[in-house]
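As given in Swiss-Prot:
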SIGNAL    1-24  signal peptide
MOD_RES   Ser83  phosphoserine
COILED    147-215  coiled coil
REGION    190-218  region 'Disordered'
COMPBIAS  190-207  compositional bias 'Basic and acidic residues'
REGION    225-318  region 'Binds to GNAI2 and GNAI3'
DOMAIN    237-272  domain 'EF-hand 1'
DOMAIN    289-324  domain 'EF-hand 2'
MOTIF     300-330  motif 'GBA'
BINDING   Asp302, Asn304, Asp306, Glu313  Ca(2+) 2 binding site
COILED    355-422  coiled coil
REGION    382-474  region 'Disordered'
MOD_RES   Ser383  phosphoserine
COMPBIAS  448-460  compositional bias 'Basic and acidic residues'
MOD_RES   Ser471  phosphoserine
Amino acid sequence: MPPSGPRAALFLLPSLLLLRAVLAVPLERGAPKEENPATESPDTGLYYHRYLQEVINVLETDGHFREKLQAANAEDIKSGKLSRELDFVSHHVRTKLDELKRQEVSRLRMLLKAKMDAQQEPNIQLDHLNLLKQFEHLDPQNQHTFEARDLELLIQTATRDLAQYDAAHHEEFKRYEMLKEHERRRYLESLGEEQRKEAERKLEEQQRRHREHPKVNVPGSQAQLKEVWEELDGLDPNRFNPKTFFILHDINSDGVLDEQELEALFTKELEKVYDPKNEDDDMREMEEERLRMREHVMKNVDTNQDRLVTLEEFLASTQRKEFGDTGEGWEQGKAGVPLPMAPVLTLQTVEMHPAYTEEELRRFEEELAAREAELNAKAQRLSQETEALGRSQGRLEAQKRELQQAVLQMEQRKQQQQSHNNPAPGPEGQLKFHPDTDDVPVPAPAGDQKDVDASEKKVPEQTPEPPQLDSQHL
């Protein structure tokens, strides 16, 4: 069972209306009980859950507001009369509430900016004031302080949103069931005749097993509560006492039975039909039946419709004639249609009594076909774009290879030129010098060589000049 406590009960209910029951003085017990450790409030599923929780936590610290809340009735809370008491809370509490609102406005602005950035082009000026108007749980005209109008809007919005939570759950389950049936029919169409008959036989066998189980009692009836009293509480069924039963199952001792505490009472009945160890049993169907059972009890027992069952409401329900009627058991009918607390016909599971009509299934299949066609078209476009990118990549790779080949050829030619201009060293490392061909004398032809030799022979020898006499010797 999920955690429950004063704040846990609060967040399962539509608004601050629940605070009155949460803060009520607990029933006297024979022996004092140790205080249960504080548990975190379960998530309501609202996108402003944290803001709602923090506002309530702050308001709980103010003695004046707490006193007015205990004296208020449901109409005072829903009409906004309680919200006006915010003007009399302490300055310290108002300061905390102002800071909470500024943080919430900042958070919503960030969400809006992220959303707009994902949908629009950059550099577009946003009108945050108009955008904040789509959030109905705060006053967008005043973005800095928490006023009575903010508390009123928070109560109204949470009341509406949480009241629609069960309806949204039923709609989600309906779509889940239609998708299952759609896939089952498509699977049967893909089979041969013999295989299809075998699959249909297995389905009929599964449905037959669901019909063969112990009787499921009407939720909230004497028979159902006595079974819990005997099998879960281990007490004598002949000594059943409604007040004692209420106290035993008020787990957090806050004087009321919240939705989670009520749903825990139906586990024994649901286990008669659904076995978690059996793969053929759909646990989502079991939880849908649990929700329907809780709605049925709330409709017949919760007279002020605050989604809490007080001791007075519980005891009053046990005085009705229907409380002792046995009938044939609980009928599991269409999802979201609570049945009256009265004798009903034989049990029908969700599989035997679908949560949808054939017309709804037809429209759902048309919606799936349109979505599938859209996805196929998108997949085809992506495939074509992928092929185009592949071809472009191939061309780029070819150009890259050509460029690399050209660079390689240029390097080779450069190396060849350098090796031609620079002689290679000899075996002992010395350079081999090759004289320039322009400085080497060209030998004359053989005939000319004789003339050259003869001319050399005809050259007369030069006679030495006579010595000159010095003038001093004369």
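Any Cβ shown, glycine's included, is placed from N, Cα and C.
Between the alpha carbons (Cα) of Asp306 (Ca(2+) 2 binding site) and Ser383 (phosphoserine) lies a span of roughly 55 Å. Figure note: comparing Cβ neighbours within 10 Å for the recorded positions Ser83, Asn304, Ser383, the maximum is reached by Ser83. All protein chains included, Asp302 (Ca(2+) 2 binding site) registers 20 other Cβ atoms within 10 Å of its own Cβ.
The binding-site residues in question are Asp306, Glu313, and the one with the fewest Cβ neighbours inside 10 Å is Glu313.
Per-residue pLDDT, averaged along the coiled coil (147-215), amounts to 85 for this model. DSSP assigns Asp302 (Ca(2+) 2 binding site) to coil in the three-state reduction, outside any helix or strand. On the backbone, the CA of Ser383 (phosphoserine) and the CA of Glu313 (Ca(2+) 2 binding site) stand 64 Å apart. Of Asp302, Asn304, Glu313, all annotated as binding-site residues, the residue with the shortest Cα distance to Ser83 (phosphoserine) is Asn304.
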